[in-house]
Structure formats: structure tokens, C-alpha cells
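J.: Found this in Swiss-Prot, in case it helps:
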| type | residues | note |
| --- | --- | --- |
| REGION | 1-266 | region 'Amidoligase domain' |
| BINDING | Ser14, Asp147, Ile148, Glu149, Lys187, Thr188, Lys189, Pro190, Thr191, Gln192, Lys223 | CTP binding site |
| BINDING | Ser14, Lys187, Thr188, Lys189, Pro190, Thr191, Gln192, Lys223 | UTP binding site |
| BINDING | Ser15, Ile16, Gly17, Lys18, Gly19, Leu20, Asp72 | ATP binding site |
| BINDING | Asp72, Glu140 | Mg(2+) binding site |
| DOMAIN | 292-534 | domain 'Glutamine amidotransferase type-1' |
| BINDING | Gly354, Leu382, Gly383, Met384, Gln385, Glu405, Arg462 | L-glutamine binding site |
| ACT_SITE | Cys381 | active site, nucleophile |
| ACT_SITE | His507 | active site |
| ACT_SITE | Glu509 | active site |
Amino acid sequence: MKTKFIFITGGVVSSIGKGLAAASLGALLEARGLRVTLQKLDPYINVDPGTMSPFQHGEVFVTDDGAETDLDLGHYERFTNARLSKKSNFTTGQVYFSVIDKERRGDYLGGTVQVIPHITDEMKCKIIENAKGADVAIVEVGGTVGDIESLPFLEAIRQFRFDRGAGNTLYVHVTLVPYIRTAGELKTKPTQHSVMELRKIGIQPDILLCRSEREIPQEMKNKIALFCNVDVKDVIPVVDSEHIYYVPLALSKERLDERVVEKLNIWTKAPDLTPWQDVVETVCHPGHGEVRIAIVGKYVNLTESYKSLSEALTHGGIANDCRVSLKYIDSEKIERDGIDGHLVDMDAVLVPGGFGERGTEGKVMAIEYARLHKIPFFGICLGMQMAVVEYARNVCHIDDACSSEFKKGCGNPVIHLMEEQKSVSKKGGTMRLGGYPCSLEKGTLAHVAYNAQEISERHRHRYEFNNAYREVLTKNGLILSGIYRDKDLVEVVEIADHPWFLGCQFHPEFKSKPLAPHPLFKSFVRAALIQRDAR
């Protein structure tokens, strides 16, 4: 089948849910037996989000092939079976970089390089390249219609219909129908104006996804259809859901996937949404109640920084038929106030990744508390490194143990810069990134959780466990349960005399899905349940 293209745009406000809409539509089309791929186009000039502050951008999602990408790719992978790559996310910066490189090589034969056709053609090439082998390619255009930055992207997707025809392209516009409390009314004017902006560019949306906090009455759908020039059946309300995993079911109930395959002339089987119904049932009505897990981090004021992590913990709850309640604790606050009171009612503690010295001593204090009070502990990336620092200081009595990331003249750097990173000067795209194999020691907590000896997980870091301290740490009870054999790097550490204590250098959250929870999160949440019931 010739690949069909679905372009998803957003209007009125940012963060309107285009990524979730794209991911949910992908899940529905997969349920109909179609091969789906997804792609995110970002209008910013950065080459990728790898060097952007978590407070500005939120989480950086890492693919298996080592791309640092937008967090929406996390939604795509969690909701679908698509294996995404570097091709699945591109930015204005990447496009201009590529076009300028071609111009310097003389590829344009002395022509004047312009936004149209050169920039837009480059964008179209990247979209087509990513779509190879798929029945349907869902392409989300970042930003909001009306932004200057988005114009070249919108022009590129406009040309797709000219190039490929109406039967092979579809425009879905996500918009807002706000409720004005003082007037007691829903308002359609923002949606009308957003569609007007799209039509000025030359794009007539085929389907409108109308976000609202309340049900949209039929007469209002009729009004939107009339003023926006779409069939009333294609005005699809998307009322705020209790949980994001209900969105595919809500969109199916409104027959979004039915309208999409009809407009694209695709014959498919009826969708089987039983797995999604089971997920929603567990999330909304868990059989084993609730566990409370503390996330002790440094970016807690913007929880989007830990998006994949919070979702992976939810998946662990789904696997154990319980709800996971998260308490975000600022590690700097622990440094200022002390640990007392912060973790006393928690069933488990997780210390996530991060960069820089700020807040790290608070993380060490939280780890020591979890170790001494036998509370299940999970350390990821920097969290694993701080667990090694804590163990070296308080169990091995290496008082000045630290990471060379924070103290260059550190007397005992139990965590140090990786050898291949010592000659690196540029920040962007130069970390240890993507999937690497790891061998697990038989009988360890990690081995039991995975039920496998060989695994592969995704990484994003420059610093690693210092092998010079292997002997003293293992002699004092630290278990090195996961090793990257090619370079003899320690990837997983554990403690034996503890209910559940594990640190990993990789990011397991990037591979967890609601329909396939990650083994470590399943095991960790199970330990939290046991801890809760033992209290």
C-alpha cells in the first residue's frame, strides 16, 4: 500500500495535546492492523533539545539509535509499536544545517537558496524518508498555527497534498473550545480564528479535534462545522480525560479512526481495543489500592522533566494492579531542611537522573535514609551514581568520595569522566547516547526482574562508575550486577541486605509502555506494595 500521510497541527494555545492526539491515533490505527510510524517537527533553531534546560523544554527522550528528541516521541513509543529513530524528530536548526551544507558543496549549482523551494523541499525529503515501510505516517507539527517559526513547516505540509493528492494526505487540526466561567458558556471563536489562520496558509483541515473541559453540544458542533468548512462528523470533541490512557478509547468512541481510514480510502479490520480497556480499568479501579513513591530530584518544579519516569511508574502500577501516587521532593529542600519528615510515609524512593552539582547532597541524604530504613530504593543515571557515592562514604568510610563532575580535584572520585569523553569539547550530541547491551549476574535482583542475562537499555551520560574502586566497594557488600562487557563498565549496582535497592546507569523508563511495563518498574512497584503492607 502506498504510504498515507496524516499531518497534525495545533491552534489557539501551546501544549494543547497534539502529541497525545498523534500517539492515540497511532494506537487506534495499529489496532486496525496498520503499520504506523510517527514524526515530530520542531520549529526551534536548536539542532536538538539535548543542550536545552529541562525547565524550558521538559524531558529529553532518547531513542535506541542515540537521538536526543522531543518528549512527544516518548508518547509515540508508549502508545504504539513504532521503533523511532533520529529520523523521527527534526528541527529548523537541522534543516538549515543540512541546506547550508549542500549549498557549500555546490549541490544547488549556483542557484539562490531560498525558503521555498529549498528549505521546504528538505523538510519534505525528511518526512518521506522517515515514512518508508509504513502504511500510515503521522506527522506532528510543533508550535501553534500563527507562529512565525512554524510557517516553513506548514508550507511544506501544504505542498504534500499538491504532490500526493487528497486521498493520500489528511490534515487534523487540534484546537481549543474554552469554557468562560463568568459567562457560563463554551466559545467557538478561538477555533474559528485558528482555522482561518490555517486557511490563509492554504491548508483546509479535514478533521478538527476540539479540546474542551466540558461536553460540546450538537448545536455548537454544527456552528464549528459551518464556520470552519468541515463536515459536522469531522468536528470531534475531546473532553478532558481523567487519565491519558483513556484518550485512545475516547477518540475511538467519537469514531476518529473510522473517519480517518474512510477519508484515506483504507480498508482495515475492526479495531480490538481490549488491551486499552484493561489498562484504563486497572488505572481507574486498582485492585490493590495505592502506593506512595517519592521522586527526589532537582527539576521537580516542572514535572514534565520526568515525563517518561512518571509514566513508567504508572505502568509498574498497572502490572501490579495498584495506583502509584507520586510525591515530588526538591533535593535542595532536603539540603536546607534536613531529611526528617520528607520520606517518613513513603513506600519507596526514586532518585532520577540530572546534571550538575546543585541538589546532589540532598539526593545522597535521601539515599542514605532509604538504605538505613530499608525502604525500596531505585536510582537512575545520576541517582545510581549518588548511590555509589553514598555507599562509599557511609559504608566504606571513604569520607571524601564524590563525583569528578562536581569536584575536579576530588580525592576519591568513585564516579569519574568516561575515557572517551575526555577529548570531547562540544556539548551537543556528544554524550554516551542510545542503546547498549548489558550482562546481568545470575541470581541478582536485576536478573530476577528481567528474567534474562543479556539486556539492552538506553543511556544518556558522560560519567561512569570508577573501576579503581571496585574492590573496596564490593568487599564492603556492594553488588555489581550489570556490566557492559565490551568496555567493562559497571551499569547496575545493588545491595544484598535490603528489601529492594538498585541503581542503574541507563534509563529504563524510555522503554516502558502501558501495554508492556518495564521489568524494573514492575519489580520496584511490587516492592513498594510489600513495604506498604508490612507497615
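From the backbone N, Cα and C atoms, a Cβ is placed for every residue, glycine too.
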J.: Out of the recorded positions listed (Gly17, Gly19, Lys189, Gly354, His507), which are within 10 Å of Cys381 (active site, nucleophile), Cα to Cα?
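T.: So far as Cα distances go, the recorded positions lying within 10 Å of Cys381 (active site, nucleophile) are Gly354, His507.
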J.: So of all those binding-site residues, Gly17, Gly354, Gln385, which one's Cα sits nearest to Lys189 (CTP binding site)?
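T.: Closest by Cα distance to Lys189 (CTP binding site) among the binding-site residues Gly17, Gly354, Gln385: Gly17.
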J.: Long-range same-chain neighbours of Glu405 (L-glutamine binding site), Cβ under 8 Å, sequence gap at least 6?
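T.: Once residues fewer than 6 apart are set aside, Glu405 (L-glutamine binding site) is near Phe355, Gly356, Glu357, Ile415, Leu417, Arg462, Tyr463.
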J.: Can you figure out which of Glu140, Ile148, Lys187, Thr191, Glu509 (the recorded positions) comes closest in space to Gln385 (L-glutamine binding site), comparing Cα atoms?
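T.: Closest by Cα distance to Gln385 (L-glutamine binding site) among the recorded positions Glu140, Ile148, Lys187, Thr191, Glu509: Glu509.
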J.: Quick check: in three-state DSSP terms, what is Glu140 (Mg(2+) binding site)?
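T.: In the DSSP reduction, Glu140 (Mg(2+) binding site) maps to strand.
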J.: From the recorded positions Ile148, Thr188, Met384, His507, Glu509, pick the residue whose C-alpha lies nearest to the C-alpha of Gly17 (ATP binding site).
T.: Thr188
J.: Can you check how the pLDDT averages out over the domain 'Glutamine amidotransferase type-1' (292-534)?
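T.: So the average pLDDT across the domain 'Glutamine amidotransferase type-1' (292-534) works out to 94.
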J.: When the Cα-Cα distance from Glu509 (active site) is computed for each of the binding-site residues Ile16, Asp72, Glu140, Ile148, which gives the smallest value?
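T.: Result for Glu509 (active site): the nearest of the binding-site residues is Asp72.
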J.: Counting other Cβ atoms within 10 Å of each Cβ, which of the recorded positions Lys18, Lys187, Lys189, Arg462, His507 scores lowest?
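T.: Selected from the recorded positions Lys18, Lys187, Lys189, Arg462, His507 on minimum Cβ neighbours within 10 Å: Lys189.
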J.: Which three-state DSSP class does Thr188 (UTP binding site) fall into?
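T.: Note: Thr188 (UTP binding site) is coil by DSSP, not helix or strand.
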J.: Nearest to Met384 (L-glutamine binding site) by Cα, among Ser14, Thr191, Lys223 (binding-site residues)?
T.: Ser14
J.: Counting every protein chain present, what is the number of Cβ atoms, excluding its own, within 10 Å of the Cβ of Gly383 (L-glutamine binding site)?
T.: 25
J.: Around Ile16 (ATP binding site), how many other CB atoms lie within 10 A of its CB?
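T.: Total other Cβ atoms inside 10 Å, all chains included: 19.
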J.: For Lys18 (ATP binding site), which of the listed binding-site residues (Thr188, Lys223, Gly354) have their CA atom within 10 A of its CA?
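T.: The binding-site residues passing the 10 Å Cα test: none.
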